[in-house]
Amino acid sequence: MWLAAAAPSLARRLLFLGPPPPPLLLLLLSRSSRRRLHSLGRAAMPEKRPFERLPADVSPINYSLCLKPDLLDFTFEGKLEAAAQVRQATNQIVMNCADIDIITASYAPEGDEEIHATGFNYQNEDEKVTLSFPSTLQTGTGTLKIDFVGELNDKMKGFYRSKYTTPSGEVRYAAVTQFEATDARRAFPCWDEPAIKATFDISLVVPKDRVALSNMNVIDRKPYPDDENVVEVKFARTPVMSTYLVAFVVGEYDFVETRSKDGVCVRVYTPVGKAEQGKFALEVAAKTLPFYKDYFNVPYPLPKIDLIAIADFAAGAMENWGLVTYRETALLIDPKNSCSSSRQWVALVVGHELAHQWFGNLVTMEWWTHLWLNEGFASWIEYLCVDHCFPEYDIWTQFVSADYTRAQELDALDNSHPIEVSVGHPSEVDEIFDAISYSKGASVIRMLHDYIGDKDFKKGMNMYLTKFQQKNAATEDLWESLENASGKPIAAVMNTWTKQMGFPLIYVEAEQVEDDRLLRLSQRKFCASGPYAGEDCPQWMVPITISTSEDPNHAKLKILMDKPEMNVVLKNVKPDQWVKLNLGTVGFYRTQYSSAMLESLLPGIRDLSLPPVDRLGLQNDLFSLARAGIISTVEVLKVMEAFVNEPNYTVWSDLSCNLGILSTLLSHTDFYEEIQEFVKDVFSPIGERLGWDPKPGEGHLDALLRGLVLGKLGKAGHKATLEEARRRFKDHVEGKQILSADLRSPVYLTVLKHGDGTTLDIMLKLHKQADMQEEKNRIERVLGATLSPELIQKVLTFALSEEVRPQDTVSVIGGVAGGSKHGRKAAWKFIKDNWEELYNRYQGGFLISRLIKLSVEGFAVDKMAGEVKAFFESHPAPSAERTIQQCCENILLNAAWLKRDAESIHQYLLQRKASPPTA
């Protein structure tokens, strides 16, 4: 599953969607701050709810399932006939069941009489039902029959309704599914655990003018006896699979199709009249299937794969086997109106979900504790796949900015968690769909791939997939396969990364000894609150690469650091050569250089002799060290000025992100305008070089860079950029010259930030007129840039209106919170005032965590942490517990950073103004 919440850094950094990300800010705390952090940030986790997995005495072999949704009354009828195995004699069957009413249930042992259940005991808290029988069910096989009814809910989970508008303007509903993690039980009674696999024979009884889809191909379509307007659509039997991967869709769709070179039928289903917008995803999918088949050396096991755009969809996408569901914005590309970053996003999400068809669907995690393996792996290999399909995207550099650094921000907190989290009750599962499972998971797999080498990695993957196909596996099973393939101590190394939270800071100093360079390395846990002060500091086995200026793109030495301190000798390194750790920013650690080593590296930023991903990593490490109070923020600002000649999009993207974090922090001071002047000084040279219009020979990354830079300058109030943005916006609105898709976000953001009520009204009108969801989202994400309190209130009210799809309300409110200091306060008040409606809308899913995080994390006053903590103590949000703790911790960290560095930053900015630096 790709979470909209899992790609926020990507979405934000690529699309320049309004405000910079809310800071996960790191710093050294005073003793009193540390005490406050301990009492507020580390609010006691609720006690784990008692939980038992389903008893193993009865298990399914095959589900024969027929569902009849009513698209007007929003209900459905269901008939289940499950071939089951009684492994241990019992007089009851326990299954998962939620929001379903069972009408009748019976069990017929093979060759014997049917036994009717005499009682249905619903355990709503545990989402289980116990069927009681008047006599003992003996060991052996039999058929379990259940007739039931349920609701097509509006909560974007289980079997739910999704609202859409026909080309003629009529509002209608589709019936669609989202079962991961534990919501198949809302569509039919089942053994809803990933390790309880079975085959499925699915039939759907639907209006004859609707499209009906499921995991497999259609094998029969016949009139329904009671109603000539209804047909029964029967699908082929699935392979053995987990319940969370089952899917069905009933609605109105067009499609485009092709065959992959391996003969698999690939279709992309779109809203009616928009088939053209499915072509890009179709092309990506048709290239991706053969790529994975060759990489894993295992064929795709189903005859077809459908990719479908769903109007109301909570996640970004879901990897249901053979029927992958997507938000419209994660699948549809309009050749004229989609921006470059949307194409890239679609390519990544398609790559992610199709990887799951093998890694997750063919071989499935044994329990949710191993979720990271599914998501971390897919989040890594999606980049490998996109790099294969679109080498011009320079996607691996973008990985560092979008996933690697984001995971490190979160993992430096006291309230982080290990990659592997022991999960019990279903309510705990949503909480681990986060940047640790996805982005840190992907980052440590990237490090592992680099450590093993591609050839042995592929060999190990093939061994793993072949051994466990159609079965379940745990993390240790993958390590064993990779260890057998590579001969390296994979389990020993990787356990230090997956079973303990956090990551190391490697401190390095150097000494020239004749013709050699002696390096002294030491590792210590990196903490957001400054140097690790506890006893028994955790240790990691760290694959370390070392490069020099002689050959910046290749490692001069690779070592495995398996102790707290190490000395390393680099042979034949001249005194004037620089030495750098972590070539390619692949190792999941931060580096702190001695001042002499750092001084020697800085010219490599200005003259670009350091590779782009290493320039990015160096700057990001320094920024994080400043946030943690280990170095001064002023030192980092000086380094940022060395990027004046920087040509690389992703390096600028990361720089922009960090300056956004700093701007958010300094919005709590009275010298906010000075940091905006700094932003203008840093970005205006690259802005002048790029200009507004594409030049011949430019490509994908130039388009991304132009949007990023113009947005940054416009938001900061750069006079020439603001004037040109207003001129182009006027022409766009009047229809004289339509803005290119790549310029819309920066222009919209700029005119709104420096506009008035009329500007906002025009923007809301554009939103209403937009036919593409991408354009609606583009506008929704920048509305929060508006500054007047009255207009901010108007935007917040709009967020909960019918005009905004339920899943997108979060980004509108988040945009307000990130737009300004007043916006942050207004958004928090709005959430408190409308909590019941918001919580009910998202039913405690991951969108509620996202909403909380976006809305409160930018505060930088100690007392706000107490206010947030108190509010959620009286308004519990169990699936967001950890997020709330992380937010409280970040607020205290922000407050301490401000106290520590605000004055020195102010003095530096004033001094700069008095004597501007020469380029």
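Backbone N, Cα and C define each Cβ position, glycine as well.
Quick caveat, the model's predicted, so the values are computed rather than measured.
Copied over from TrEMBL:
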ACT_SITE  Glu353  active site, proton acceptor
BINDING   His352, His356, Glu375  Zn(2+) binding site
DOMAIN    60-245  domain 'Aminopeptidase N-like N-terminal'
DOMAIN    280-497  domain 'Peptidase M1 membrane alanine aminopeptidase'
DOMAIN    578-891  domain 'ERAP1-like C-terminal'
SITE      Tyr438  site 'Transition state stabilizer'
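On the structure: features taken from TrEMBL.
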residue: His352; record: Zn(2+) binding site; Cβ neighbours (10 Å): 31
residue: Glu353; record: active site, proton acceptor; Cβ neighbours (10 Å): 29
residue: His356; record: Zn(2+) binding site; Cβ neighbours (10 Å): 26
residue: Glu375; record: Zn(2+) binding site; Cβ neighbours (10 Å): 27
residue: Tyr438; record: site 'Transition state stabilizer'; Cβ neighbours (10 Å): 29
Task: For the domain 'Aminopeptidase N-like N-terminal' (60-245), the mean pLDDT of the predicted model - done: 95
- [ ] May I ask which of the recorded positions His352, Glu353, His356, Glu375 is closest to Tyr438 (site 'Transition state stabilizer') if we compare their C-alpha atoms?
- [x] Glu375
Task: Distance, Glu353 (active site, proton acceptor) to Glu375 (Zn(2+) binding site) (CA atoms, angstrom) - done: 10
